[in-house]
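According to TrEMBL, the protein carries these features:
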{"type": "DOMAIN", "residues": "30-369", "note": "domain 'Orn/DAP/Arg decarboxylase 2 C-terminal'"}
{"type": "DOMAIN", "residues": "39-279", "note": "domain 'Orn/DAP/Arg decarboxylase 2 N-terminal'"}
{"type": "MOD_RES", "residues": "60", "note": "N6-(pyridoxal phosphate)lysine"}
{"type": "BINDING", "residues": "239, 273, 274, 275, 276, 371", "note": "pyridoxal 5'-phosphate binding site"}
{"type": "BINDING", "residues": "276, 312, 316, 343, 371", "note": "substrate binding site"}
Ligand code: LLP
């Protein structure tokens, strides 16, 4: 589904020309398509059809309140990893009863807050964390519902920085230790086993690792059920990939088929934690060309979006397509598109063939809806970008561009 298309040579988000947004709001600015956000959710939801499932949108991918609010409005649950994300979901009127909490370093204070808020499930990532959750539960006079995040030791075959299901990864408990840990949990008064969880990595473009991991986890679920653990949920994590360049990730239907085939015997309710696949291709980052510059060996195009605004290329060598907001004719030359941040890694695109843009020309950095704004920082004391949500012919600012005074809020000189 693409909601960003050229109409008469001008790139649009749905029916709004991106140039008009840049004129009104300035750059850099993130622009999201509401039709894409809701459409991606509905397609995935439909792919799992009548099989009992709950989509818990992974907040870390894009935690902007307007985005969370849209998903909340469609009945989505949420996958959170911090007290801050819990607060965001609450602020966006998300359903706490459909919220799951993962992460290797939850503090007891965060656990207590989440328990009081009535979340569905804690995804516990170590034996010591389980003991901490037990203490929190006992203190509150309740049993905290939990699932163990197990590490199935499967190579997700994605970038090593976003691969999480290997033995060498910090995530989850070793698969072999899970049964014993559930047995220990049974004797605890502050927890109650409700599920089993795994997440093997992000930007998955193949079904084989998903199948391999889920086969192990479904087997574990059945074994635990047979031992009398009152489990209800099998949380399969997120990770479904998207097309940035020429990747061919499984379609939602193919993904659902793969998953359902493996888990069908368990009778479990599925929890899905998609992030990128819902928001990634629903957003772009608008940026303006400041300068062109010819070095002896290279042509540079300097734009006003830096690695502080979108860190993915610098951090993961990620590829994002760059589309001129006004279609250009002419011969492409190889350029490095760089940002203003004082770091050599502040490169948005390396050796990219582009028609050399004019000064002031606008570009849309494509597929920037996931892990764009949510990972933005103010490094180099650059205020973070504005965000705009488009709906048909209408658009509105859903986050104002930060101002200089936001940079030193809460500082004491
Ligand atoms: N569930 C858990 C437990 C996770 O750790 C993650 C992502 C998700 C769900 C959502 O995964 P998704 O569907 O978005 O792939 N910043 C990196 C990606 C980091 C992913 C972290 N965990 C990037 O920009 O590629």
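Residue numbering: from 1, along the chain as shown.
Any Cβ shown, glycine's included, is placed from N, Cα and C.
These numbers come from a predicted model, not from an experiment.
Buried or exposed, and what's around them? Tell me for each listed feature.
Every protein chain considered, the tally of other Cβ atoms within 10 Å of the Cβ of residue 60 (N6-(pyridoxal phosphate)lysine) stands at 22.
For residue 371 (pyridoxal 5'-phosphate binding site), the same-chain residues 6+ apart in sequence whose C-beta sits under 8 angstroms from its C-beta are 60, 61, 62, 275, 276, 280, 312.
Long-range Cβ proximity for residue 343 (substrate binding site), meaning a same-chain Cβ under 8 A and a gap of 6 or more residues, is found for 307, 314.
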According to DSSP, collapsed to three classes, what secondary structure does residue 343 (substrate binding site) have?
coil
Near residue 274 (pyridoxal 5'-phosphate binding site), how many other Cβ atoms are within 10 Å of its Cβ?
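Taking every protein chain into account, the count is 26.
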Between 276, 312, which of the binding-site residues has its C-beta surrounded by the fewest other C-beta atoms within 10 Å?
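Per-residue Cβ counts within 10 Å for the binding-site residues 276, 312 bottom out at 312.
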In Å, rounded, how far does the Cα of residue 273 (pyridoxal 5'-phosphate binding site) sit from the Cα of residue 316 (substrate binding site)?
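Rounded to the nearest whole number, the Cα-Cα distance is 22 Å.
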